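For reference, the structure discussed in these notes is given below.
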C-alpha cells in the first residue's frame, strides 16, 4: 500500500495543513519513516506522534514540521497540541474502521504538519490538526480525489493564499465584450460597469492594443483582476513571439488571423499552449476556414467566425458551425460582428459558444444595463452560485 492524503482545516494563524503518506512498513512509506526518524534536520526534527507521553498510536506515525522551528516556544506547539492531535486522529481512524484494525502493525504513517509561527491558541492548534489529519487519512485510503473529481473541480477552484482566480472557459456560453475604443480612460470606466459574471470575457481590441501594447492587459487587471482577458492582436507573423508577449503580460488568450501563414498559426498555438494561454483563430476575411483548420498540426482553442465592422450593414451568416465542430470538436466557437440582443437566440441555436459584442454594449448609455441583458439572454446560471464551500 502507498496512499497519499491532504487536508486543510481551520482559519487564522492556527490553520492546519496536513500532507501524509500511509503504507506498508516494507514499502516506500516504511523507508521514508525510517529515514525520517534517523536522519534529523535542524528546524525540521521529525517526532513520533503520541496521544500522551508513552502512548503512541498504531499505526506508528511520524510527524515532520513543515515550518522551520526556531525556538522552544514554536517547538512546544509541535511537541504538544499538534503531536497529540495527529496521534488521536490516527487512533480514532482505527476505531472508526477507516484504517483496518488488523493492519495496524503492518502500516506506518508519515505526516507533514504546518504550524504557523504566530499560532497561539493551543486549543485551536489541537482541534484543527486533529480534523485535518483525520480527513487526510480518510482521503488517502479512499483515493480521494479521483480523476473525475479533479477534472470537475480544477476550473472552479481558487487557491486561498494565491488571492486571485485564474478563469478558464469550460462552461459555455460566454459573452465576450470587445473594447476597440483606443481611449484607455473610457475603456477602464466601461469595464468597471460590466457586471461580475462567470460568463463574461473581456477583449482588449486591436485598436486598443495597437495604441498601448499588450501592457494594457495589466491596466485591465487592476479593474477586473479575475477576468478572462483576450488580446486581439490578429497576429500575421512571429506567432510564437507574440503569444509569449501576451502570456508575459498576464493575458489569457491571444488572437491570430486565419489569413496568417499556416506555420505562423501553428507556432502561435504551440507557444500559447506551452505558456498556458488560449489560442483564438479569427476567420475575418478568410473565406475557407475549414481548409485552414485541416492544415494545422494542433487545433486552436477558440475559432472566431468574424464579420468585420466595416461590413456589418450587410446580410450575413456566421458560417457552418456544425462542420467546423466536426473538424475541431474540442474548440469553442465564437461569433463576432452584428451580434445584437435579438440575435443571441439565433447564434446560440446555431451552436455558438461565445458571443462577441462590442459597440452594442460599450457605446450604450447604460453599459451595465445592456450587458446584463446580454448576460441574461445566455440563460446560464453562475457557476456554484448556491454552493456552500466547505470541503473545497
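Just so it is clear, glycine is given a Cβ too, placed from its N, Cα and C backbone atoms.
Keep in mind the model is a prediction, meaning the values are calculated, not measured.
Summarised as a single figure, the pLDDT of the region 'Formaldehyde-activating enzyme' (1-161) averages 94. Residues or ranges marked as region 'Formaldehyde-activating enzyme' in Swiss-Prot: 1-161.
The active site, proton donor annotation in Swiss-Prot covers 17, and the record cites sequence analysis as its basis. All chains included, 19 other C-beta atoms sit within 10 angstroms of the C-beta of residue 17 (active site, proton donor).
Annotation comment: Swiss-Prot describes 19, 48, 66, 68, 83 as substrate binding site. Other Cβ atoms within 10 Å of the Cβ of residue 66 (substrate binding site), summed over all protein chains shown, number 13.
Feature annotation from Swiss-Prot assigns region '3-hexulose-6-phosphate synthase' to 162-392; the stated evidence is sequence analysis.
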Nearest-integer angstrom distance between the alpha carbons (Cα) of residue 66 (substrate binding site) and residue 17 (active site, proton donor) | 9
Among the binding-site residues 19, 48, 68, 83, which residue has its Cβ surrounded by the fewest other Cβ atoms within 10 Å?
-> 68
Integer Cα-Cα distance in angstrom, residue 48 (substrate binding site) to residue 17 (active site, proton donor) = 18
Hey, what's the widest CA-to-CA gap across 19, 48, 66, 68, 83, the substrate contacts in the record, in Å?
-> 17
Expressed to the nearest Å, what is the distance separating residue 68 (substrate binding site) and residue 17 (active site, proton donor) at their Cα atoms?
-> 15
